[in-house]
Amino acid sequence: MGDGRANNPNSHSNNNSSSNKPEWLEEYDVIGKIGEGTYGLVFLAKVKSNRSKPIAIKKFKQSKDGDGVSPTAIREIMLLREISHENVVKLANVHINHADMSLYLAFDYAEHDLYEIIRHHRDKVNQAINPYTVKSLLWQLLNGLNYLHSNWIVHRDLKPSNILVMGDGEEQGVVKIADFGLARIYQAPLKPLSENGVVVTIWYRAPELLLGAKHYTSAVDMWAVGCIFAELLTLKPLFQGQEVKGTINPFQLDQLDKIFKVLGHPTQEKWPTLVNLPHWQSDLQHIQGHKYETAGLYNVVHLSPKNPAYDLLSKMLEYDPQKRLTAAQALEHEYFRMEPLPGCNALVPPQPGEKVVNYPTRPVDTSTDIVGTISLQPSQPVSSGNSVSGAMSGSHVMQTRSMPRSMPMVGIQRMQPPGIPAYNLSQAGMGGGINPGNIPMPRGVAPQAHQQHQMRRKESGMGMTGYPPQPKSRRF
Amino acid sequence: MEKSHHFSLSDLLCGEDDSCLNERGIKDLGSVSEFDDEYIKLLIQKESIFQSDGNGFSIESEGDWLKCARLDAIRWILETRAFFGFQFDTAYLSIIYLDIFLSRRSIDDPKLWAIRLLSVACLSVAAKMEECIVPALSEYHVDEFNFERNAIKKMELLVLSTLKWKMSLITPFAYLDYFSAKFSGELRCDELLKRAVELIIDVIKEVNVGEYRPSIIAATAVLASHDYALMEKDVEIKTNVIPSWESLEKEDLFSCYNLLRKCKFAKSNTPNSVILPNLSSSQSSSDHASENSSITSTVGVKRRLSYPDGDRCCPPRP
């Protein structure tokens, strides 16, 4: 992979541990820090031999003394090494700093993400995202997700900040799913996810998870895509629940309340397995005592019920995970066959004369050194004693046998841009999966805090202002 | 640590409540769905992509010391698996890591500590891949050595980079349920599956993990758990239901089946002894002369371990 230097058996012994700088770092010009979270730091760098190629280098924070290499890092890297798709972030290299045994992941860099794009439209240009861009972003997101699902990988933590979009360059406007992480890919046995393990950010969390379902299926990702689709249309999170914090995996009543208010009361008719879900039974008076009015989704997203976009959205937001649209089915939806047709460059509509929005680039903090950043870490507010590196701890490999429906095996490649060289720019997904409660976790099931937001709050200290109120990070 | 003076797989199995077996869905005796077929097909494809380059290591060509050190490492891994209650495929995966490591790097001279450190690192990495509860490094007990945790971590990193960070490798256990459903239908039972698990563990001691594809080992273990007297034609007919193998691999099926059969007979003929020289950690190795060396010598074209007398093979423990 990559230049393979970190993997070269000989490079280990040649490594000059007396020098402060690891040898592999000589390949890069490090420009500065672009992200920070409990998982560690993300730096922007350029490859010296190819100055036009930006790279995001994610430094994993050191694991707790005595635990060795963190399981989160192991699973994340394993997964990243196995996947390859134009709409999925590309791991370019793994580096080890032998002096302190820290791990660095080098990713192709992506300048934008949906969180920033949505925020820019809402707060700066005050204008909806154009329909071509919405459709192209959604199509590519589904295309990448279909690939992951076909390979038995469930992302589990899809949210706007994890959906990257390439900036200027040959891959401009190409979506890259990032921060999916740690889990093994095949052979996933039937093992319930642990109690502390529900990881999807609460606003994008599927109702079955909120009601205590123990198993992930690919349907949880489709729910998140539905929420993201609505957010692309309205520039506002669809279900902005107040997160209950404190205990491990608490019951998120407010989030469910927000969902039921828009989609209506869930019934056993619509969702037969509903009655088996733990919280549906135990929190009877809270949920079932409440009568929610009829659905009003079209009012929230300002779409006519006859609009194919509305039809697609409502099928992604189906309560029953078994009836929820799959990524492959969504790609076949009528919405994608109508004008404007989706394209590979989501940011630049094919029709000349269409206005192109210039999104801001990521701010870079040039004051932080990539080596010797250990001293920075004690200032991390969430770095509880056992916190370990590990972004991208979100995803989980799908259960193989308990899957409620068969996975489509179709590889939808129709958007593959012909002749695009293997020059995948994308970025390590700033933020996203952190795993403060780390080590003993089942197959990459890590508690997910809103690290993205936390990180961005930190960034705002680096000169970015105007952030909307964000949910605080959950602590475990 | 479970101390079994006469170490054998059945000790390991009996020492547990078999929950590890049940977890794998054995209770579910439903029929095989189309979804399973697709999944298994994908697995078989993937095993050839990811595991084809791990074949360089030939135990046969290595010195006796290394052969013995490998068996010693496997013994330690299996004991430790039982101690922590890991799944069998965790142990198997760590043995794959071990074999790949040995095939890509060389350990000069008899350095038992290096093999021990490697065993700990391989099992620890496999546990981090597979297990819900991962022990701290300090919980791994190695009788003779006291490894610093940083030393283990360093070895973990060396293992990971030697694997080129491709840790997700397929083990035969991934196929067990499917093949037992395919081959035995209603005859499936826990007892047979347990026997298949034993056979898989036995065979990994016999051959380097790269020698047979995991699916071949799984299929033949399931067949052998039922019946040790199949002819080549029977094996072929039985396994024709799995379309993914190519003709070359079909030849492997029978040779692997024969190997399993011989493991089985060797075991039943010499109840206390066995395939491994120097099985118990408390015994010195010299009293294990057995006819083991004849077990495998007649089988097939594959290179495989031969077992010289234990005392020649294993150095005394420090």
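Keep in mind that glycine also has a Cβ here, set from the backbone N, Cα and C atoms.
Summarising the annotation, TrEMBL assigns region 'Disordered' to A:1-22 (among others).
For A:7-20, the entry in TrEMBL reads compositional bias 'Low complexity'.
Summed and averaged per residue, pLDDT over the domain 'Protein kinase' (A:28-336) gives 85. Taken from TrEMBL, the feature domain 'Protein kinase' applies to A:28-336.
The ATP binding site feature in TrEMBL is assigned to A:Lys59. Cβ-based neighbour count (10 Å, all protein chains) for A:Lys59 (ATP binding site) stands at 25.
The region 'Disordered' annotation in TrEMBL covers A:375-394 (among others).
Look at TrEMBL and you will find A:445-476 (among others) tagged as region 'Disordered'.
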For A:Lys59 (ATP binding site): DSSP state (helix, strand, coil) = strand
